[in-house]
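Some notes on the structure that comes next.
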Amino acid sequence: MDNFRSMALPNTSLLLVLQMCALAWQAWALVDLRMEDTIEVSMDNSTEIPCLYTFTEEPKMVMVQWFVREREGHRVRISYSDLTMQKVDEDTSYSNRISVRSNSDGETLTIHDVKLSDEREFFCQVSGLSAGNGEGRTFLKVFDPPEPPVIEGVLSGVSVSGDSPLKIASCETREGFPKPNITWYRDHIPIHPTSGLANMVTLVTKESSGLYTVQSELHYKVTKEVKDAHFSCEVSYFVPGAVRTLKSKGINITVHYPTTSVEIWKESPEGSVKEGDTVEIRCQGDGNPPAPIIFNREQSDVELDSSQGLLVLKEVSRADSGVYECHSLDVDEVVDTLQLTVHYLDPAVVVPKDSEVMLKGESLTATCNALSSLETSTVWFKNGTVVGRGHIMHLQDATFDTAGQYDCEVTVPSLPGLLTSGSVHIIVQGAPQIKDADREIKLTEKVGGWVNLSCEVRGYPRPAITWSITGSQSQSWREVDKRETEDQVHSVVMLKVTTHTVAVCNSTNDFGIETKMYSIRSIPFSQTPTARKTSADNSGVIIVVIIVSILLLAVLGSVFYFLYKKGKLPCGRSGKQEIINAYSTKEKTNKDDIVVEMKAKKTEESMLLKSANGEKKPPNDQNSTLSS
């Protein structure tokens, strides 16, 4: 009856109200009303709360009212409907956010833009007067997911602890509803509170909006191994019909711990070290933060200059070989050592030294060695060409070609860059040796022509060259070129040929003499091939003229004889003129025949010459052949 006292009905008489109350009380259990116990919805969404009812007998009128329970505990009506009207009550927190929809089996209350304050009970009251009355209720549960979690390690780092855990990180998630939960992980394995190992301190704050902010601190027993672990946190929260999670990023914890060991190594150069290299030696301890590093030589207390665990030795020598030590400043007893070996190659020593004189035909043994910490290899060169390999070089049966400078190059095959060299100059003594001195050189030159004569001689000491000219005048020759080296002389003279001449090149030194002879035959101008060819040409012309003249005389005699036999030889002036005219005509005809005959003969002669020689000779050559 308390529920009906709170109902605000339209104005009716008190009697009618009492009658209705009596009838409703009598038929209260005659209506079947169904509502869900709980409905879940996310904040800012819309939701529907259904109220379904049935009567055992058909009611004459149905009234439906919706109520909410306030925070103080009392109920407030927010909607009313019957057969004649349907309305939303004014001046409530739902006046502008709800709507009611009727159907054949009940009503549905729709709440728009759900707020966190809507999490409460909603009541549906149904009255069918004499047909019965009923009431149901639904609890509306509101959810709002929190922000992703933010994890942060202790910025200053943490030191290795004793038995008690230390704070190493914090995790926070903001503005969620209902209150979210935080779980900690190490390397993806959940961390549970364990006495002496791990525990969590959680702080929950309810904001003015009604949402929750949760902060959690992880306290953990710190050991050196913790520096390699990954820590993260996870937030679990409720949503309609499910539970969801959000994970933070993983972080490493900065752990401070003392040095327990150091390591020393050669950082550069790679491989073996040679004199002149710059060597870098690195030393590093396992403490954090790293403690300063000190370098020194074994059995020496002198501290070597270094910076941030790096020792630099510039242009090392063999004296820098030895054992190097390093240790951490915070723990003197922790030491590591490095054996440094600097390889070397001393300057090459060549025997014989500088230069050596030997006689032609003699033999010589030269050596080239260099002291080294590694095995060496030696190569001999002469004029850039390899002439031997190994530390020893043998020169057998020396000739002037043996003379010259020999360079030796000593290297270390296992360590490129180590190289030294030396040289020896070989001098071969012997009598002069003239090029082409074993034969007499014969030349032919026309009188008045010039010839160049050369004489190239080798020997040591360097030979002296003199020329002896017999036949031509002494003032008709001169030396035009002379080049000299340590054991060679090259002389060139220019000689004007005036007659048959003999030229002799004489070379001498302390060991002997050798000569080279030129024999030059002079040719007069009249006997030159050009003069003979000109005479042959002139003789041919004269013969042709003589033949033509004889033929003309023969023709002329034949004409006179023919006229004489015919009796036509005139004796008067007119006859004489006829003879002259006839002779002129005949002469012209015979000249044409002669010209044609001569051309034909010359053509035939040219063809014969071409067939005999295999090629066509120029006119001068044809005349020369004919004349011979």
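Cβ coordinates come from backbone N, Cα and C, glycine included.
What TrEMBL records for 605-619 is compositional bias 'Basic and acidic residues'.
Within the model, the domain 'Ig-like' (10-140) carries an average pLDDT of 84. According to TrEMBL, the feature domain 'Ig-like' maps to 10-140 (among others).
What TrEMBL records for 148-252 (among others) is domain 'Ig-like'.
Applying DSSP to the domain 'Ig-like' (258-343) sorts its residues as follows: 3 helix, 44 strand, 39 coil. Annotation source TrEMBL lists domain 'Ig-like' at 258-343 (among others).
What TrEMBL lists as domain 'Ig-like' is 347-425 (among others).
The domain 'Ig-like' annotation in TrEMBL covers 432-521 (among others).
Here TrEMBL flags 605-628 as region 'Disordered'.
What TrEMBL records for 1-29 is signal peptide.
Annotated transmembrane segment per TrEMBL: 541-564, in sequence order.
Residue counts for the domain 'Ig-like' (10-140) under DSSP, split into helix (H, G, I), strand (E, B) and coil, are 22 helix, 62 strand, 47 coil.
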